[in-house]
Ligand SMILES: *[C@@H]1O[C@H](CO)[C@@H](O)[C@H](O)[C@H]1NC(C)=O
Ligand SMILES: *[C@@H]1O[C@H](CO)[C@@H](O)[C@H](O)[C@H]1NC(C)=O
Ligand SMILES: *[C@@H]1O[C@H](CO)[C@@H](O)[C@H](O)[C@H]1NC(C)=O
Ligand SMILES: *[C@@H]1O[C@H](CO)[C@@H](O)[C@H](O)[C@H]1NC(C)=O
């Protein structure tokens, strides 16, 4: 009797938890849009034999440990500060549980996908398999279509929803490309030309005025309308610093949208605006079919490289040109990959053992247009870079609290402020924009509160103080418990950029991010030159001891969504963050 009971009680749960043949056809929805993503229209079904790379992100078994480690090594008050993880240590923490790996493999095998034909990331958390549309449709219980973007006339192959066998839900974080429509051309480029702002052809006059760098009195009044590296170096107090750790320190600039940084334009820029840098160069790394056409200089790419280099010279700068593919041609039977720009770039960079200590990226999407599962996976990849000692800057967006009518896409059409992603990821440092001297927040500066990511503790004191002062203003239009941004800011208007040999005036938080990243690269140079670890993930430092090294910007507002937006004030605010950098003061603080 006793034996029988033991047998029964032991066997029943065993049978229930280990079915011999998992069912691969009891689909449960993984992500579904309730409406067609705005700006897109159905063009027709995707050709059944169209082949593309499907990325399967497995649940990372110890991701909470990775994030805890990230916070410890980034917190200047913690014993582990600066003790960044190696690539191998990160790979261990992002590895999937072996059950997840086994189950996903049996699922792929059940679909006749050759286990030798797929690529596995270092941690084993990403599998990339080449599949046809019909195979992907069977695996994901979905239908892929060709969708056309009416504004840009681009075509992509995507799905409005996708499913997974129910047994896989606790093992798979995301599958892409599926429902993320934001693609290479439709990603909002956060920079715009300013034809109405006069340009200056040379700033030797300005340079000669900079006798006493770092003193606001010596920043020439022309810097209120036209920004050059001399203005920024004076304003942010970097003029007297000479980098020396140039054999190890590097600054990475991320480029997408087939935006190419031009070598000749950089030389012209240096001849006019940073003569000591003439003859120095940047290198280009092509990622996933990225190109480097020198006949098509890009406004964004030239802005990014000229100001990143203009601020950080002689630190080596690397331009990462991430492709994806040429636009999909609906009738072509031999198309290549589909575009998943961040995943392509992040999978590439995380596979390298030696990565730049500082990155700047000036691209983004409305957060609500990025599926939550995709955004979470990408944001966790920034955490991995941070844990490895990388500082990551993103521009905050150029639409204040949101562009247009700001209606939600959840089927309710509610008016809500529209945060940007990846600006809203808590593991990046988001840079807003200022203008004029003395500095004020500029109206387009993107800022707000995430609806996806909770407010990280490093910013809770700073953000609570702002919310208390705000009272009921804008109540209901934003998420008080969300990750708040920007973290910091820098000038964002009247930047003198050489494009195709001509000087143009450019504005946008696209200008602010490379500027701030240039200052961070100098700080990393100082750390490395003294035998210290690089700064890594900056936010825990910036919101604590680092705040004293920032110039608090206390005026300006960022209207949008038919409201006045938020207003800048003393302390952190969602227009200028904690403020703009004072290199000299930060250098003293990070000793
Ligand atoms: C998924 O999208 C298809 C159109 O491609 C639609 O017919 C179906 O109702 C959608 N399912 C869900 C759960 O949203
Ligand atoms: C910069 O590098 C590119 C690519 O190697 C080269 O074509 C160009 O001539 C270089 N410019 C200078 C000034 O060295
Ligand atoms: C507000 O943000 C939290 C994350 O902090 C999220 O869970 C919640 O869904 C958000 N609310 C809305 C209405 O988006
Ligand atoms: C600039 O840096 C120096 C140290 O290099 C510091 O003494 C000074 O306070 C900083 N700020 C200004 C505005 O001068």
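Quick reminder: no glycine exception, Cβ is built from N, Cα and C everywhere.
Annotated features, as they stand in TrEMBL:
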- 1-17: signal peptide (SIGNAL)
- 226-591: domain 'Peptidase S53' (DOMAIN)
- 300: active site, charge relay system (ACT_SITE)
- 304: active site, charge relay system (ACT_SITE)
- 510: active site, charge relay system (ACT_SITE)
- 552, 553, 571, 573: Ca(2+) binding site (BINDING)
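Mapped onto this structure are the features recorded in TrEMBL.
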residue : record                           : DSSP (3 states)
300     : active site, charge relay system : helix
510     : active site, charge relay system : helix
552     : Ca(2+) binding site              : coil
571     : Ca(2+) binding site              : coil
Beyond the site residues 552, 553, 571, 573: chain residues whose C-beta lies within 8 Å of the centroid, for Ca(2+): 554, 568, 569, 570, 572, 576, 577, 578, 579
Among 304, 510, 552, 573, the one of these recorded positions whose Cβ has the fewest neighbouring Cβ atoms within 10 Å: 552
Local Cβ density at residue 553 (Ca(2+) binding site) - other Cβ atoms counted within 10 Å: 26
Entries of 510, 552, 553, 571, 573 which, being recorded positions, have CA atoms within 10 angstroms of residue 300 (active site, charge relay system): 510
Cβ-Cβ distance under 8 Å to residue 571 (Ca(2+) binding site), same chain, at least six residues away: 462, 465, 466, 552, 578
Candidates 510, 553, 573, namely the recorded positions, that fall within 10 Å of residue 304 (active site, charge relay system) by Cα distance: 510
Other CB atoms, at most 10 A from the CB of residue 300 (active site, charge relay system): 25
Residue 553 (Ca(2+) binding site) to residue 510 (active site, charge relay system) - Cα separation in whole Å: 19
